[in-house]
Each structure stands twice: as structure tokens, then as C-alpha cells.
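Inspection log for the structure reproduced underneath, given as C-alpha cells.
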Amino acid sequence: MQSLSLKLVPGLNKPRSSVWLSQRGRGRRIVAVSSSNHSSPSERDGAEGGDDGIVGREGDKAAASFLSRSETYSLLKQQMAVAAKFEDYKEAARIRDSLKSFEEEEPVLRLRRLMRKAIDEERFEDAAMYRDELKIVAPHSLLKCSSDATTLGIRVQVRSVYIEGRSQPSKGQYFFAYRIRITNTSQRPVQLLRRHWIITDANGKTENIWGVGVIGEQPVILPRTGFEYSSACPLSTPSGRMEGDFEMKHVDRVGSSTFNVAIAPFSLSIIGDDTDEPL
């Protein structure tokens with residue numbers, strides 16, 4: 001896993017779904033199938049024991065289920081793009097309908113809709129209940145695909161997006177791009193020297209990445225100005241998170257010591273979050 005620089009840019013309680021694929025024409029056919037509401041014997045057996053054990057096992061199963069559904073969702077989206085590319089519009093329309101049905105049944109998306117509606121209607125107790133359910137079904141889904149943090153007058157804003165065209169879900173390869181805006185709101189010029197990323201996938205595997213500058217540069221950012229760039233991160237799971245920091249120094253005085261500027265945590269997710277706002 002590594003962070004790849006791209007270019008500089010200007011200033012349901014319903015059950016989980018599964019898929020099966022079969023060869024058809026020029027592409028593969030995907031059919032979304034919802035599993036039954038009945039738990040397996042192993043799931044029923046796992047429900048026995050103390051309350052803490054039940055909560056732990058249910059949380060693990062919920063996380064695994066969310067990962068499986070995310071993989072399904074990614075495959076459906078990619079297959080629809082392939083069908084459209086080869087002008088198999090009938091197949092594309094069928095997959096589109098499957099996607100729509102999937103989105104309506106997907107627990108995370110459904111709970112988000114219910115929570116958003118409850119907030120709009122000022123039913124805050126209901127909103128809190130939906131949020132608690134989300135914490136069990138998919139804890140990482142509460143993390144936004146954007147973040148905003150300021151350290152010593154240096155503001156760092158980030159937004160991530162899933163790139164379908166460069167991803168291969170069938171091979172466990174997911175590609176995310178992110179855009180960063182650094183704004184110097186202080187009265188002193190600073191230079192970005194190094195970057196440090198902490199990347200965690202949906203399985204909890206964490207990797208630390210250090211590097212000199214960003215996209216091959218060590219930019220000097222004057223007061224009341226900013227610097228923006230885009231980069232990307234491949235991931236082996238359909239969701240994860242990133243956070244880190246930039247090492248900087250003030251350049252208006254010789255011998256100034258360096259300091260770290262926080263990059264607040266943000267999500268890498270194929271289903272995105274509740275907002276589609278650009279950075």
C-alpha cells in the first residue's frame with residue numbers, strides 16, 4: 001500500500017446481499033441476491049454467553065457483513081460502467097435497477113437516510129437511535145470523506161473520492177483520490193518539508209508512510225495564501241481511513257524549529273458520505 005501522487009491542481013435492517021457472476025455476451029452478468037433472514041447455526045450458537053461477548057461477536061459480524069456488502073456494491077457499479085462502455089444498454093439498465101434496489105436495502109445507506117430525516121424533523125432521540133445502530137453496523141461509516149483541521153494557523157482541508165475506473169473489485173483493488181488544500185492563516189510564511197500518512201484498511205491493517213514534501217515539491221506558503229494538490233491511495237478493501245501530519249517550518253527566521261500540522265482523519269469509502277460538497 002502506498003500513497004501515489006497525481007498532479008498539482010489550481011488554487012435496513014434487511015439482510016446483507018451477495019452477488020454471483022456468470023458469463024454473458026461481452027461481459028459478466030451480475031445478479032444481486034438477498035440472503036434469508038434466518039441466521040446460520042454458527043451465528044445462533046455465537047449468540048450464547050455473556051452480554052459483552054454477544055456485543056463483541058455481533059460487532060465483528062456486522063463489520064464483516066458491511067465489508068461484504070461494500071464489495072458487492074463496488075462490483076455492481078463497475079459492471080454497470082463496463083456494460084455502458086460496450087453499449088450493452090439493456091444490461092446497463094438492469095444493473096442500474098439492481099444498484100437502486102441495493103441502495104434502498106443497504107443498512108448503512110438506509111440508516112443514514114433515516115437519521116438525516118429525523119434530524120430535519122427535529123426528532124433527535126430517533127436520530128440518536130439511528131446513529132447508535134450505525135455504530136454497530138459500520139462504525140467507520142460515521143467518519144466523513146472529508147476533514148478540516150487547523151494547527152498554529154495552518155489549515156488543512158481534505159476530501160476523498162472513490163475512482164471506479166482505476167479499481168478492480170474482483171481482485172481486491174480499490175483506488176481512492178483525495179484533494180488537499182493548505183491555507184496559511186498565520187502572519188508568517190511556512191515551508192512544507194515532509195509528510196506522514198497513517199492508512200488503515202477495513203480489516204484494521206495499518207501502514208505508516210513518510211515522504212519528502214508533496215508531489216515532488218516543498219512549497220513555501222505565504223501568509224493569507226494557500227497551496228492545493230491532488231494525490232491518490234490504493235487500498236485492498238472498499239473502505240478505510242487516512243490521517244497524518246505535515247512537518248513544516250517558518251522561513252522568515254533562520255534556525256526556526258520545525259512543527260507538525262495535523263491532517264485530521266477522513267474516510268476512504270466507495271459509498272461516500274452524506275455530503276457531495278467539493279473541497
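These residue numbers are counts, starting from 1, taken along the chain as shown.
Glycine is no exception: its Cβ is also placed from the backbone N, Cα and C atoms.
Quick look at what TrEMBL lists:
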DOMAIN    70-105  domain 'UVR'
DOMAIN    105-140  domain 'UVR'
DOMAIN    148-275  domain 'ApaG'
REGION    32-55  region 'Disordered'
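Taken residue by residue, the domain 'ApaG' (148-275) breaks down under DSSP into 6 helix, 83 strand, 39 coil. With DSSP classes pooled into helix, strand and coil, the tally for the domain 'UVR' (105-140) is 31 helix, 0 strand, 5 coil.
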